[in-house]
Amino acid sequence: MADSTPLLSDSDKPPELKRPPRSLDETIERCIGGFGWLQIFQAILVSLAWVFDAQQTFISVFTDAEPSWHCTDESVCNSFSNICQLPKSSWSWDWPAHTSIISEWGHQCSTSFITGLPASSFFMGCLVGGLVLATLADSTLGRKNMLLFSCLMMSLSSILTVFSSNIWIYSSLRFINGFGRATVGTCALVLSTELVGKRWRGKVGVVGFFCFTLGFLSLPVMAYVNRGSSWRTLYLWISVPTILYCILVHFLVPESPRWLFVKGRKEEAVTTLKGMAQTASALTMSFSNVLIEQESLDDNVDIYSSIRILLNKRWAAQRLSAVMVTGFGIGMVYYGMPLSLGNLSVNLYLGVTLNALSELPASLITFFLIGKINRKDSILGFTILSGVCSVLCVVMGRVWPSLQIATELISFFSACAAFNMALIYTLELFPTCVRNSALSMVRQALVFGGVFSPLLVAAGRKNNLISFGVFGIAIGICGLPLIGLPETKGGIICDTIDEEEHKQNQKGAAAIPILA
């Protein structure tokens, strides 16, 4: 019969019988090193948050689109006419006016600033939300509560968007939506990977990328089913399931045991690990000799302590700045390439479909190679390949236009793969106490790179060198700072700053010096 004594009772034994201290990573590996069905279910359930993340990110492609129109009075109207110079009685929308905010609120002749304000507001909300909410998952709320908070804010703001009466209210709610959405992917990635053992960490992380692609591809299906219906219907379709998802996560997914240990909540962490244990011996294992330097953590620090730690430690600041610079270049291409399809000699709808589908092989390659290839080398390879193919888009446009779309797809595919690998590399590069904050900052750099993409795309309508040329140079150069960072494949994930510094000091020849 299993010993019923408390798990935290190892101090009563004589010194010669006491177990030597174990690291937190080793202890958790002994409990959840395998990959049971419960862990599979929980990891997939957490990763499904990426589906709703993608839907909220790209929904404006349909809700904010300018619908097609036709002439009703051919005496004053033809297909080449400027709609803004025609009397309203001479033309009509092909679909009911309520299918888009542009047609419903009569903004077909408004400036690009007005029509683009909702999408811009969403990404500005993402930037602000990422900065404000970045550290809450590491400091006070935890991974699970932060994920629930973000998903609920994202969903509720979408429901309120349905009641918008003008573009100004609509844009404000899109800002709030982006604010809430900012940390969804980060929290889902960190929580899902901290619920499994080291062997499965990388592959579980890739599941989220599959879910993001699934969410992206689900939007055209929903939009097609609801064609002719109000744009408000599409918002309801993506917001109501998110609320149901939050209910499932609340009852079926535990908090990260790593985070609970780091925050000094040992009893909760032990209870969580007992529920996730893969072997009977793990249920009676003592946790009293877990080597984790709790005294180095201050439970009363403010929510920005994680960022201060990252900036105050030279090695952490070097790592963070390097991966953020790389993320900026990747984000510029990742968000910019689909926008640039209108500048190519290819059918726009075909190009968008191929770009969306190219995320699937990128995720597949990441999934199957994650345990075999070095993280740093793969990111460098993908960024260089993306940069070369982006520059080739300019060359092919002048000498062989039919191959331009092929080089564009390779460039976008490489950026997608680099995007996936960069996130996994980041979560392995930083200890638990600051991991969520570091990953959030890298995602902010990705979004920040995307902010500049529309400007380059607009300038590139007359000269592709300004768009594709800059994209290629940017992602190629921005990947180079990774050369000085350490490789993390197969390494031990640390939980505190002191543990990370101790590990690096033991290696002796670390790529980045560890300075207190």
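Cβ coordinates are placed from backbone N, Cα and C, and glycine is handled just like the others.
Features as listed in TrEMBL:
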- 1-21: region 'Disordered' (REGION)
- 10-21: compositional bias 'Basic and acidic residues' (COMPBIAS)
- 31-52: transmembrane segment (TRANSMEM)
- 42-490: domain 'Major facilitator superfamily (MFS) profile' (DOMAIN)
- 113-134: transmembrane segment (TRANSMEM)
- 146-169: transmembrane segment (TRANSMEM)
- 175-192: transmembrane segment (TRANSMEM)
- 204-222: transmembrane segment (TRANSMEM)
- 234-253: transmembrane segment (TRANSMEM)
- 316-336: transmembrane segment (TRANSMEM)
- 348-371: transmembrane segment (TRANSMEM)
- 378-397: transmembrane segment (TRANSMEM)
- 409-430: transmembrane segment (TRANSMEM)
- 442-459: transmembrane segment (TRANSMEM)
- 465-483: transmembrane segment (TRANSMEM)
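With pairs at least 6 apart in sequence, the transmembrane segment (113-134) and the transmembrane segment (348-371) have fewer than 3 Cβ pairs within the 8 Å limit; the two do not touch. Taking Cβ pairs closer than 8 Å, the transmembrane segment (175-192) reaches residues 42-43, 46-47, 49-50, 52-53, 56-57, 121-130, 132-134, 136-137, 143-144, 146-147, 149-154, 157-158, 161, 204-205, 207-208, 212, 253, 256, 423, 427, 435-436, 439-440, 443-444 in its own chain, all 6 or more past its ends. Pairs of Cβ atoms less than 8 Å apart link the transmembrane segment (204-222) most often to 409-430, out of 113-134, 234-253, 316-336, 409-430, 465-483. In terms of C-beta pairs under 8 Å, the stretch of 113-134, 234-253, 316-336, 465-483 lying closest in packing to the transmembrane segment (146-169) is 234-253.
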